[in-house]
Structure formats: C-alpha cells, structure tokens
Amino acid sequence: MNQLEMKKVAAKAALQFVKPDMIVGVGSGSTVNCFIEELGAFRDQIKGAVAASKASEELLRKQGIEVFSANDVSSLDIYVDGADEINPQKMMIKGGGAALTREKIVSSLAKNFICIVDSSKQVDILGSTFPLPVEVIPMARSQVARKLVALGGSPEWREGVITDNGNVILDVHNFIIMNPIEMEKELNNVAGVVTNGIFALNAAHTVIVGTPDGAKIIE
C-alpha cells in the first residue's frame, strides 16, 4: 500500500465522526483533500463546512458543500486536518501547505480536533524529519530569521510562496523540539511572527493513522 492509499484509509475512517446537521471544520493539504472528496457524499446531510484555506474552500464548493466563514460559527463539533509530523502526545508540526495560521484559527473552534495521517508522519520528537514553518510579516523576514538563528535554527525563506494572509514563510531546519509548548509560545512572541507551525497548545484530540492494515484510531 502506497502513501496516498494510506492517506485515503485515514480520510475514510474520519467520516465516522461526521454527524447530520454538522458544520465540519476542515484543514488543508493532500490528506484533507482525500477527506473532502469523501465528504461530498454527505453534502445533503451536513449544513456545510469551515475551511482553513482558500484551496480547501474551492474543493468543498466543487463537492457541492456550502462553505461558511469562521466568523459565522461560535464552535465546531469536529475539525479534520493532516500533519507534517505528530508525536505520541498528539502534538504536531503543520504548515507544509502554508495555511498554518488559518488552521490554528479554525482548529481552535473545534470540540474534537481529528488529525488524519499516514504512518510516515509519526515521530517521537517534533522536528525530527520536517522543518518548522513560521509565518512572518514580510517586512520582518530578515529580522525574524536572525532571531531564529540565535535560537539555534537554520531558517530558509520559502521563496515564491505567499500565504492566504499575504505573509511569507520561513522553514526552520535543525530545531529538535523537546518542549513543544514552550517553543510554540517563545516563537509566537518574536516580533513579526504571525504564528509558527507547532500545534502543542491546541493538540489533536483524536488521531487516525492510515496503515497497510487499515485505520488505527488513537483517542
């Protein structure tokens, strides 16, 4: 079973959490795209969805699912998203698709944050396999990069990428994140940082791992 097939296994398993009349929160990325395709079969049973990226909004509309703004809802029953890395405490690195800020906003509305991944995304320590994305106000890019170097990282500007919020992304290599909560707080306090891709303060509640043997659900 290849990686895409394992993503589809996880995406299909997440459908069991979708109930009638829900507004479903969805993130962004390749695994979420699989979920949105599956969610299309529920278009007449759910009220709609709140998406964390413009790309996901477009896919939802193609499936005939009504799209709501985060400002339209006070809470969500579920939020379904992928991750670039996830540790045993259900803390994640996200932001490979540059939608990390909106993902934090929408996921914070959810009673149940469901993370769907294939088994390659599971790590013991965050930062082991994937650089940490940091969304930065454009005028602060160099200043923030210097601060990240001082903290022990090796930031790389993701040239040509502009977020849905009009900002830029620095991908920080060589961060081995032993204390994700403290690191998330520290980086978010750097002037010019909008947010960083550590999801530790708002970790997942449920993890669904797609494996060759089927979906493994961790609650």
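Please read every residue number as a count from 1 along the shown chain.
Note: Cβ is positioned from N, Cα and C throughout, glycine not excepted.
Copied over from Swiss-Prot:
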type     : residues                                                                                   : note
ACT_SITE : GLU103                                                                                     : active site, proton acceptor
BINDING  : SER28, GLY29, SER30, THR31, ASP81, GLY82, ALA83, ASP84, LYS94, GLY95, GLY96, GLY97, LYS121 : substrate binding site
Of the recorded positions listed (ASP81, GLU103), the greatest number of other CB atoms within 10 A surrounds the CB of GLU103
Same-chain residues at least 6 apart in sequence with Cβ under 8 Å of the Cβ of LYS121 (substrate binding site), in sequence order, are GLY82, ALA83, ASP84, GLU85, ILE86
Here the binding-site residues are SER28, SER30; which one has the lowest number of other Cβ atoms no more than 10 Å from its Cβ?
SER30
Residues with Cβ closer than 8 Å to the Cβ of GLY96 (substrate binding site), same chain and 6+ apart in sequence?
GLY29, ASP84, PHE130, PRO133
For GLU103 (active site, proton acceptor), which of these binding-site residues sit within 10 Å, Cα to Cα: SER28, SER30, ASP81, LYS94?
SER28, ASP81, LYS94
Same-chain residues at least 6 apart in sequence whose Cβ lies under 8 Å from LYS94 (substrate binding site)
GLY27, ASP81, GLY82, ALA83, ASP84, LEU100, GLU103, PRO133, GLY197, PHE199
